[in-house]
Amino acid sequence: MTILRKSHPLMKMVNHAFIDLPAPSNISGWWNFGSLLGLCLIIQIASGLFLDMHYTSDTLTAFSSVAHICRDVNYGWLIRYIHANGASLFFVCLYLHIGRGIYYGSYSYKETWNIGIILLFLTMATAFMGYVLPWGQMSFWGATVITNLLSAIPYIGTDLVEWIWGGFSVDKATLNRFFAFHFILPFIIAAMAMVHLLFLHETGSNNPLGIPSNCDKIPFHPYYTTKDFLGIVLLLTFFFTMVPFFPDLLGDPDNYSPANPLNTPPHIKPEWYFLFAYAILRSIPNKLGGVIALILSILILALLPHIQTASQRSLMFRPISQFLFWLLVSDVLVLTWIGGQPVEPPFIIIGQIASLSYFTIILVLMPIAGINENKMLKW
């Protein structure tokens, strides 16, 4: 078996990626989220495929087809809730994965980091289009509001929005194309994840100390396969406790009403995992300014390798930067809360302060902290 593992063209690729891969001996549980994201993607593709067999992408029947899946299809309710909550689980793992990358300086691997940012954009696009498909009230109005943001682009904005809609409003053509893209994008994400791994294995994994670990590597199997398996068991235990008992915990009650273009919900908001970006969008009174801030709230991650001023890579021995990192985490949580609140005082001013803090911490305070820590450590 060993000879086949090292000689067969396909087995050899798997062997180099998951069995004989040299890995640092000290990576912690925070490095588990890559494999957990792979598991989430598999769950989403598998459950989505079964939902696709019963779903119809037509404005007249989309809502009732989802109801049909839940009521008439064998275990259809379970598949639907696995898919809906699987998206939330995907984003939990994704944000923790990004947080670990920021804390331990993994953004120094620029190619891997940039592919990761592209993966984040693709995942967000997929989730947004998936939210539109049940054709409930929040699906329809969310699609209308978010796609309408493109009209802020000078000169071509209005034409671009109508081109995306396939008409003068969100309608059957919009639902059809969103369904098509929602189906194909996860496979593109899977392909990009392979590229992400390819670049990662070129450099090797980072470690909590942020120092080269070439002198102290261990094989990925059995050490980290066992560790990943433990993470998978814990994740699935949590997930399959949540799905049957609290399936609608993270959903919006408005989406249980069929889409009605004549009745606007009192508060239009996206799913919880977009609320921090939505709060940043709303905090700027100007439409174009809000759209630019929304895009920059994600694109700012691409700047991290270029604004790194500290000589040490990891935050493990940098207390000032550690404090700023946890301040940033708290700020994102505040933005998430604000994004779910109505646009009225005091939420408006809190959102504006939190949005300003988000960009200030990343662009100003963290680089200054890095310079000061270099002086303190005499590096």
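Cβ from N, Cα, C; glycine included.
Annotated features in Swiss-Prot:
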TRANSMEM  33-53  transmembrane segment
TRANSMEM  77-98  transmembrane segment
BINDING   H83, H182  heme b b562 binding site
BINDING   H97, H196  heme b b566 binding site
TRANSMEM  113-133  transmembrane segment
TRANSMEM  178-198  transmembrane segment
BINDING   H201  ubiquinone binding site
TRANSMEM  226-246  transmembrane segment
TRANSMEM  288-308  transmembrane segment
TRANSMEM  320-340  transmembrane segment
TRANSMEM  347-367  transmembrane segment
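Features recorded in Swiss-Prot, as mapped to the structure shown.
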{"residue": "H83", "record": "heme b b562 binding site", "contacts (Cβ under 8 Å, 6+ apart)": "Q44, S47, G48, L51"}
{"residue": "H97", "record": "heme b b566 binding site", "contacts (Cβ under 8 Å, 6+ apart)": "F33, G34, L37"}
{"residue": "H182", "record": "heme b b562 binding site", "contacts (Cβ under 8 Å, 6+ apart)": "T126, M129, G130, L133"}
{"residue": "H196", "record": "heme b b566 binding site", "contacts (Cβ under 8 Å, 6+ apart)": "T112, I115, G116, L119"}
{"residue": "H201", "record": "ubiquinone binding site", "contacts (Cβ under 8 Å, 6+ apart)": "H16, A17, L21"}
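Counting residues 6+ beyond its ends, the transmembrane segment (178-198) has Cβ neighbours under 8 Å at 17, 37-38, 41, 44-45, 48, 52, 55, 57, 112, 115-116, 118-119, 122-123, 125-126, 129-130, 132-133, 143 in the same chain.
Spatially, the transmembrane segment (226-246) is adjacent to the transmembrane segment (33-53); three or more Cβ-Cβ distances between them are under 8 Å for residues at least 6 apart in sequence. Residues 30, 33-34, 36-37, 40-41, 43-44, 47-48, 50-51, 66, 69-71, 116, 120, 123, 127, 130, 235, 239, 242-244, 247, 250-251, 271-273, 301 of the same chain lie 6+ residues outside the transmembrane segment (77-98) yet bring a C-beta within less than 8 angstroms of a C-beta in it.
The secondary structure of H97 (heme b b566 binding site), as reduced to three states from DSSP, is helical.
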